[in-house]
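Feature list (source: TrEMBL):
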- B:708-717: compositional bias 'Polar residues' (COMPBIAS)
- B:50-577: domain 'Cytochrome oxidase subunit I profile' (DOMAIN)
- B:686-717: region 'Disordered' (REGION)
- B:27-49: transmembrane segment (TRANSMEM)
- B:70-90: transmembrane segment (TRANSMEM)
- B:122-146: transmembrane segment (TRANSMEM)
- B:244-274: transmembrane segment (TRANSMEM)
- B:298-317: transmembrane segment (TRANSMEM)
- B:329-351: transmembrane segment (TRANSMEM)
- B:363-387: transmembrane segment (TRANSMEM)
- B:399-422: transmembrane segment (TRANSMEM)
- B:434-458: transmembrane segment (TRANSMEM)
- B:470-495: transmembrane segment (TRANSMEM)
- B:515-536: transmembrane segment (TRANSMEM)
- B:603-622: transmembrane segment (TRANSMEM)
Amino acid sequence: MSHDNPLQHPEVQVASGRGYLLTFLISTLLMGVSLLLVANHAMAPFGLMLVLSLCAGLAVIVQIYFLMHMDLSEAHIWNTVALVLTIPLFILAIGLTAWMFSTLYERTMVMLPTMHGMAGMVH
Amino acid sequence: MLVDLQGPWSPLLGRLALSQIPYENPILAPLFVVVAIMGIAIIAALSYYGKWGYLWREWLTTVDHKKIGIMYIIIGLVMLFRGFMDGLMIRTQQAMAVGPDAAGYMGALHGYLTPYHFGQIYSAHGVIMILLAATPLLVGIMNVIVPIQVGARDMAYPYLNAVGLWITAAAAVLVMASLFVGDFSHNGWFGIAPIFELPYSPGVGVDYWMWVMQLAALGSTLGSINILATIVKMRAPGMTWLRLPIFTWASLATNIIALTSFPALTVALALIGFDRYLGTHFFTAGLGGNLMLYTDLFWLWGHPEVYFVILPAFGMLSEIIPTFSEKPLFGYVTMVLATFGIAGVSWAVWLHHFFTMGAGPDVISFFSVATMLVGIPTGVKVFNWAFTMYRGRLRFETPMLWSIGSLFLLLVGGLTGMMLAFPAINYMVHNSVFVIAHFHSMLLMIVYAIFGAVTYWWPKIFGFKLNEAWGKAVFWLFTAGTVGVFVPMYTLGFMGMTRRLDYVFNTQWQLLLDVQMLGIAFYSLSVLAFLGLLYVSIRDRAKSRVSHDAWGTTHSVEWMTPSPVPFYNFAVVPHINARDEWSWRKEHGFTDLRPDHYEDIHMPKNTGIPLILGVLTFLLGFGLTWRIWWLCALSLALIIAVVIIRSFDADTGYIIPADEVERMERAHHDRAQAAVELPQAGVPGGVTAYGQGNKPAAKGEVGAPGSGISSPEGSRA
């Protein structure tokens, strides 16, 4: 077994303090914006959901890029494999959940299309 | 505070108070005395024999994957016993509390458990059996076997391995603490929204449940990363993917499931945490909360978890059955494909846990069909095992008995699972004890495989076999218990008995409940027989010593190592030439090889830091449960500090010099030679039975550069 310096491994070489700090700042910013929007009921529920999904997607991309330093190089092939694996899982988990709940709401929450009324009830 | 807490709270002790200690409880108080006496006895014995240093050096600070695996298995067995006691209490209560005339004792109207206490018992039974008994047992066996099977000296991350162990241990201690300090959750092992919300469950029970699950999930996630990295990166030269032993394939699929699904559980539990600690409304009935979203998130993990526990069991059967059929495994490639087929489908079936939610017919049909699809790869596996046994020379030693019992349970559990996959049937028997009997068949199938695997690999780890007669006694008593408890339970399910009854209203069910008591009596006897098995086997160990190949007809890489396996596993990293490497070596007469020279071995150093992290994690969990904020802040800060301090420690390994390795190898060799003379090691037909099925790799790969192995004059063992 070779005893090479673990710091020379390509997985370790991608570490960068600047990238981590940037990820932390951007993620905190996105989370803060989302929290403010929700806390102030800044938009109608459907618009809010879209904006939050957008923020979450942005956060994912930032983390993939700056935190995990994902690229398509040979050294990081297993990271790429893992990322590709998450795509079907993401579709299954989110897609099937959305599907089952949309059919559930059709049956149980007839008020859904006019959720503005419900948002008013919250206050 | 952001939420309204019922009851007193103080900054120093949080919600902890003397009144939370159930010293008046007629069951728990005597139990505490027994536990305390046993604890004192163990401490006294350790001090008397001067074993503290040994315990600290060899076990508590170890990073050796085999010892960590053994400790996982010990945790699993202890928690299996605790879960069994819960099961015993459930059965006893139901047999006693039948009909309005049933007598009541110890404050209960009927039977001897109040409904509140009964709820805690079945909740604890489920959490313990799945997350703290089955999972540690399986993780422990994977921990021991996978690195040896891939020809590695340890896990990819030995330190992380120890951290995972001690976090799991913290979860186990936390659930045990709930016995004597406060109470446990009463809303089932999977949690029911919105009953677990603070207004409806104001006590600490749900908090215990939540943090126990959270810690167990954390431990499992860390473990899965480690095993995945080990399989992907640490395989010996020559071990291509299609030469990977089948149990390692199963472990790979299992840990992919674990790594991808456990986050769903941790998120669901964290959201409950927000609800209970910060006053949010993720899973409440109003204010935008959604009850079914919790159920959805939970089973999004919960169903993959089912396959997380069953795939290693399948892997174990795939190792044991060929050994005792004296044939190679039938259909290796289809077995691998079936494993990944099950793992893949596991992600698309979770709604069948709540068919009755009220989703649309298309959704229900989709999940029904997806669930039935699981039967195809599982059927492939069962046929592969059957064809492995077909025209084999079957030997019914204890591991094989457990495996065959496991196959019968798989058949019963699988067929009832197919029934439950029909929405029409599911609506009828939903929440009945039929469902309980079904999933107990499946989980017992896993337990059978685990007992088989423990018996099978025991000589590899400890160097001597378990006693056959006692082992068979355990098997038959356990099987009598399984039949006695679960056949009546299936029947009661069809008769309409619902699950979790603390009071059984229908007196016609009395007879079947009494039969179940008979079954649980057999289970109790099997527990005693298991202790007897351990005692007799350890007492007579000198007579049952074995050499490398404990069963005579084994086939995979781990049987190439001496028994017990030295702490460095392989003195020289082996070169893998065939799928069933050990069979291949037996066939080619390479069983008694010594490398022409040894090299220095680099091994990880022992460290006490994982144990410290485990203790701090327990304190954090306890502090969070009881809302002792200073304890939470302190233990969290210490955890972060310890992790940072450790990360600056560059001196984490040491070198064993080559001549030291050679000396130890000679000692192992001499011991193996001594064991070979004993009759237990030689099994008729052991070598020739493997002559046909294995295609040898291309000539010239043996002794290739880097393998470090050369053949002496073709000495056939």
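Any Cβ shown, glycine's included, is placed from N, Cα and C.
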The transmembrane segment (B:122-146) and the transmembrane segment (B:399-422): do they have three or more Cβ pairs under 8 Å, with pairs 6 or more apart in sequence?
no
The transmembrane segment (B:244-274): which same-chain residues, six or more beyond its ends, come within Cβ distance under 8 Å?
138, 142, 145-146, 149-150, 191, 196, 206, 210, 213-214, 217-218, 220-221, 223-225, 227-228, 231, 235, 280, 282-283, 294, 297-298, 300-302, 304-305, 307-308, 311-312, 314-316, 318-319, 329, 332, 335-336, 339-340, 342-343, 346-347, 556-558
Tally Cβ pairs under 8 Å between the transmembrane segment (B:434-458) and each listed stretch (B:27-49, B:70-90, B:122-146, B:298-317, B:515-536), then give the stretch with the top tally.
B:298-317
Average pLDDT across the domain 'Cytochrome oxidase subunit I profile' (B:50-577)?
94
Using a Cβ-Cβ cut-off of under 8 Å, list the residues of the same chain that are 6+ residues beyond the ends of the transmembrane segment (B:515-536) and lie near it.
81, 84, 87-88, 91-92, 94-95, 466-467, 470-471, 473-474, 477-478, 480-486, 488-489
